[in-house]
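Asks: According to Swiss-Prot:
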type	residues	note
DOMAIN	16-241	domain 'AB hydrolase-1'
BINDING	22, 82, 83, 143, 144, 145, 146, 147, 235	substrate binding site
ACT_SITE	82	active site, nucleophile
ACT_SITE	207	active site
ACT_SITE	235	active site
């Protein structure tokens, strides 16, 4: 049986599970680890097939969520960034009675654009899938660069993301292909409308991958959820603005979760 990389901190009283995005690994959270420590017991996870969880082959969203859940503490807060937001959302939907709350960061319930839905053009995701087979390294670097565009610290943040990728084993091309396929095809818009646990959605105003237009749409479709906009951030707000980001987490945990819905 494959082993999932799962690292738990010794500090904090409330469990917070952190799920990274496509192509990356749990090292991406080091920028907020010390800031979160007084408030949360952190669980840093490399998703199946990523980073130190190399022994897994490609997995669809449901199987990935099931595998991560096998290692999980009950009554934790779940935070997912980008692709990790879909995994965390699937877990919250499947285990509402054992999840304290859901936080999605720069994520979308459906990443592909449609005529009435803002998102990434499907042909762009197709192009990334095609380019992966031709130039693996450059395609991953290109995707990482898109995540920081527009911020004052874009170059610095892009270098940090690249260092995170290089710090651990790279996912296989097959795992990355399936990850892009999940981004292109999964649609949790309707299921998440029924989610009955505390739910915070964090966005970056400058995000080029998750258009801010979806915020008002989802505010209307998901009235039980709460949205927060970080005005100077892009797709990786916890890297560019860690203090503001952690402030949103602690406020949500104290207001929505500890005090009840």
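Positions of Cβ are set from backbone N, Cα and C atoms, glycine also.
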Asks: Rounded to the nearest angstrom, how far is the Cα of residue 144 (substrate binding site) from the Cα of the residue listed as 'active site, nucleophile'?
Replies: 12
Asks: Between residue 235 (substrate binding site) and residue 207 (active site), find the distance joining the two CA atoms and give it rounded to the nearest Å.
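Replies: With the alpha carbons as reference points, the distance is 5 Å.
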Asks: Taking DSSP three-state, what's residue 144 (substrate binding site) in: helix, strand or coil?
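Replies: Note: residue 144 (substrate binding site) is helical by DSSP.
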Asks: Please list residues from the chain of residue 83 (substrate binding site) whose Cβ is under 8 angstroms from its Cβ, counting only those at least six apart in sequence.
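Replies: Those within reach of residue 83 (substrate binding site), by Cβ under 8 Å and sequence separation of 6 or more, are 20, 21, 22, 47, 107, 179, 182, 183.
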Asks: Rounded to the nearest Å, what's the C-alpha distance separating residue 144 (substrate binding site) and residue 207 (active site)? Just drop the number here, would you?
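Replies: About 12 Å separates the two Cα atoms.
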Asks: I need the most crowded of these binding-site residues: 144, 146. Count other C-beta atoms within 10 angstroms of each C-beta and give me the top one.
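Replies: Most Cβ neighbours within 10 Å: 144.
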Asks: Where does residue 22 (substrate binding site) sit in the DSSP three-state scheme?
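Replies: It is coil.
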Asks: About how far apart, in whole Å, are the alpha carbons (Cα) of residue 207 (active site) and residue 146 (substrate binding site)?
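Replies: Given the Cα positions, residue 207 (active site) is 9 Å from residue 146 (substrate binding site).
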